[in-house]
Amino acid sequence: MARFLCGFLLTVLVAGTSAQMSFLNPNFDYQTLGLQAVMTYWDKDESIHELVQVLQDQIPMNLSEPCRDAVHQWVFDLLKRESYAIAMADAAGKLPAGILLGHILVFGHFDQCMALKKLNNKTGVMESAANYCLTRLKHPLMEGKLPALPAFGVCLPHACANERDSNAFVTELFRVLRRAKELEAVQGICIKPLAKNAGFYIMASLIGLIIVTITAAAVVDCIYRRRYKESPNNLLHGSELNDVTVQIYGDSKTVNGNGLPVMTTQHTVVTQKPKYGYANVPACLKPLLCYNIMTNVRSVLSTRVEEEISFLHGFRVLSIWWIILGNTYFFGRNFFENSLSFFADIKTAKFQLILNSGYAVDGFLMVTGVLISYALFRELQKNNGKLNWLSVYFHRWWILTPVYMFVMLFYVYVLPHGIQSPFKLLIAQEGIPTDYCKSHWWTNMLYINNFIPFLKTRQCMNWTWLLALDMQFFLIAPLIIYVLYKNRIAGMAVIGALIVACVAATMSLIGYYGLPIHHWQDAVYNSTETGYDKNIDYINEKPYTRITPFVIGLALGYVFHIIPANKASNPNSRLMAAIGWTVSLVLAVPLLFGAHFAGWYVERPPQEMSVSSRIAYGGLQRLGWSLVIGWILFACQYGYGGPVRRFLASRFWRPLSSLTYGAYIVHMLTLQLHLASQIHMIYYSGLNMLCIFLAQLVLAYTVALLIAVLVEVPLLRLERLILRRAL
């Protein structure tokens with residue numbers, strides 16, 4: 001009976017893996033394998049009382065008394081061939097195939113464990129039989145040799161579903177292995193019922209209120225909507241009309257029913273089309289019409305574009321797609337069963353497009369700078385150099401913050417109820433991400449979450465540092481644009497000084513701390529002599545190291561404003577296009593693939609690259625990439641883009657561009673929901689990752705469309721109604 005308990009449990013843990021065990025441990029005791037061998041240790045005529053006495057000696061004494069009693073009952077039911085007891089053992093983790101490829105997270109079967117029921121003999125009611133627990137395995141031989149501690153999942157009685165008992169149980173479970181005497185289970189964590197708190201009910205009420213408001217808006221729309229034909233007078237005097245198409249010298253432009261065309265001429269012809277509008281709507285009901293779902297959907301999915309800078313829509317969308325692609329791999333790498341295959345793939349040239357997806361952030365910031373600059377210069381010109389500063393800043397805050405807050409509340413109080421899996425426990429062992437939002441939500445609302453909290457691993461919604469950068473840059477953008485409007489030389493000097501300061505700050509930080517050139521290297525950076533802490537962000541999320549593409553975008557927007565596209569013809573356009581694209585390509589290739597061909601792989605310790613090389617590469621890479629992006633935008637604006645411009649200016653991109661903000665802010669939610677809800681590891685391959693990426697695009701844009709229609713667009717229309725008295 002001495003080997004009974006451990007032997008029996010190991011039957012279900014390592015049955016079918018004896019060949020693996022003999023390879024890993026030649027001295028493994030084969031008598032512990034197989035139900036036949038285990039059952040020989042128990043005489044079926046032996047009384048239960050005698051068996052209890054033996055079990056009390058065999059079951060680890062460091063288990064709590066309730067847990068030890070529950071394990072007694074479990075073993076008894078196993079011997080009686082109770083189906084739930086056998087299924088509990090079957091649901092526990094087993095040594096997997098592919099250990100040499102990095103398959104070290106052994107989960108067992110989560111759903112099978114959580115679905116088990118047994119009859120309560122006292123009440124006669126079927127009740128939950130077990131709970132799922134996950135532990136990490138620690139051994140002296142593993143220290144410093146694995147990217148993460150191996151994980152092991154077990155299905156335990158409810159009395160054992162706590163950290164102390166789950167750790168003790170798994171530790172003793174492996175004691176039968178003669179070379180596992182020093183192995184210890186740590187960080188045990190079990191599934192706990194997630195109660196619906198006040199935050200959940202507030203979010204449910206808010207969503208319900210939005211649905212009721214949309215329903216009421218539909219009723220008001222049916223009552224007051226009228227059909228008529230437009231006339232030039234209606235357009236020029238402003239009324240509650242939809243957007244109209246204006247033909248100016250054959251060029252199509254979209255203008256709002258409450259404003260004038262950008263270019264005025266005596267030959268303007270307004271195309272009359274049947275339209276819908278509202279008549280005699282009471283003032284108290286007008287806010288409801290902001291939630292007219294059909295109008296909002298048409299607004300989001302409209303393909304009308306302003307021809308002058310329409311190519312920015314395509315560039316903006318592709319930048320976000322590149323960001324989502326990079327995050328799919330970066331976050332997904334924690335879920336691969338063949339992680340060593342993934343790290344081998346990192347060394348290939350094609351993978352550099354994934355590793356360098358951070359450049360997409362620079363592209364996005366530059367496009368943002370161009371749009372802000374272009375719009376504000378037009379506003380200054382329209383108002384003779386005057387700017388309503390309060391309106392400018394409030395509008396930016398209103399565009400970003402309500403949607404941001406809505407998504408955050410959903411992330412904290414609703415999303416956790418949609419995930420129950422081993423991966424949720426695996427993530428919780430390092431800290432529950434939603435808990436960080438409960439303590440640091442205010443940093444996100446103030447857009448300082450890239451500074452506070454100090455540790456990047458404690459940030460709320462840690463992918464939203466880009467929103468913090470966006471707002472921080474916008475705070476100074478109107479000031480720079482105003483200086484540039486008043487004095488071109490002074491404005492360009494300010495932009496140049498900011499670029500120099502950004503490059504100098506980046507180089508200084510890399511040199512002082514000996515930073516790696518890529519944030520993917522954090523996992524293998526084990527040098528502490530310079531004071532570098534991989535849990536602290538030094539350059540990736542900070543405005544003083546990321547502002548270069550944004551201010552170049554401001555300068556480019558100024559150029560687009562003062563030099564119209566149709567006045568920039570050049571007799572040597574082909575030569576200039578050839579030179580521009582060649583120089584751009586010469587810069588882009590080393591920035592994307594240079595580190596790869598030089599053998600500077602991200603899984604290698606950063607110290608293998610000299611500090612001076614890291615300073616030069618890290619300090620100049622964003623400036624170089626900004627010049628590449630700047631040429632592409634310049635070429636598309638002034639006739640050097642050819643097929644590139646035609647592709648980026650396609651009407652296809654316009655609806656997707658309007659959903660860019662929503663897609664970015666929710667893409668990590670949908671990605672986490674998909675990956676963290678898996679009950680087994682994911683096999684890494686290029687095709688699998690492509691499928692996950694495409695699925696995430698569809699899911700992120702679908703959720704973004706819902707948020708735009710239900711929250712974002714109604715609030716923007718409400719702002720226009722209050723400030724401009726028009727829908």
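Cβ coordinates come from backbone N, Cα and C, glycine included.
Taken from TrEMBL, the feature domain 'Nose resistant-to-fluoxetine protein N-terminal' covers 64-192. Positions annotated as signal peptide by TrEMBL: 1-19. As annotated by TrEMBL, transmembrane segment applies to 200-224, 311-331, 351-377, 397-415, 463-485, 492-515, 544-563, 575-602, 622-640, 652-675, 687-715.
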Cβ pairs under 8 Å between the transmembrane segment (544-563) and the transmembrane segment (492-515), at least three: yes
Cβ-Cβ under 8 Å with the transmembrane segment (492-515): same-chain residues at least 6 beyond its ends: 480, 483-484, 527, 529-532, 538-539, 544-548, 551-552, 554-555, 606-607, 611, 614-616, 618-620, 622-623
Beyond the flanks of the transmembrane segment (575-602) by at least 6 residues, Cβ under 8 Å: 346-347, 349, 352-353, 355-356, 359, 517-518, 520-521, 524, 608-609, 617, 621, 624-625, 627-628, 631-632, 634-635, 640, 642
When counting Cβ pairs under 8 Å to the transmembrane segment (200-224), the leader among 311-331, 397-415, 622-640, 652-675, 687-715: 397-415
Proximity verdict for the transmembrane segment (687-715) and the transmembrane segment (397-415), three or more C-beta pairs under 8 Å: yes
Overall pLDDT for the domain 'Nose resistant-to-fluoxetine protein N-terminal' (64-192), taken as the rounded mean: 86
Closest-packing stretch to the transmembrane segment (622-640), where packing means Cβ pairs under 8 Å, from 311-331, 351-377, 397-415, 463-485, 652-675: 351-377
Proximity of the transmembrane segment (351-377) to the transmembrane segment (652-675), 3+ C-beta pairs under 8 angstroms: no
For the transmembrane segment (311-331), sequence-distant contacts whose Cβ falls under 8 Å of one of its Cβ atoms, 6 or more beyond its ends: 305, 354-355, 357-361, 363-364, 367, 370-371, 463, 520, 632-633, 636-637, 641, 645, 647-650, 652-654, 656-657, 660, 663-664, 667-668, 671-672, 675, 689, 692-693, 696-697, 700
Residue numbers, six or more beyond the limits of the transmembrane segment (652-675), whose CB comes under 8 Å of its CB atoms: 299-305, 310, 312-314, 316-317, 320, 323-324, 327-328, 331-332, 335, 399-400, 403-404, 407, 410-411, 415, 418-419, 423, 461, 463-464, 466-467, 682, 692, 695-696, 699-701, 703-705, 707-708, 712
Tally of residues which DSSP labels helix, strand or coil - the domain 'Nose resistant-to-fluoxetine protein N-terminal' (64-192): 52 helix, 29 strand, 48 coil
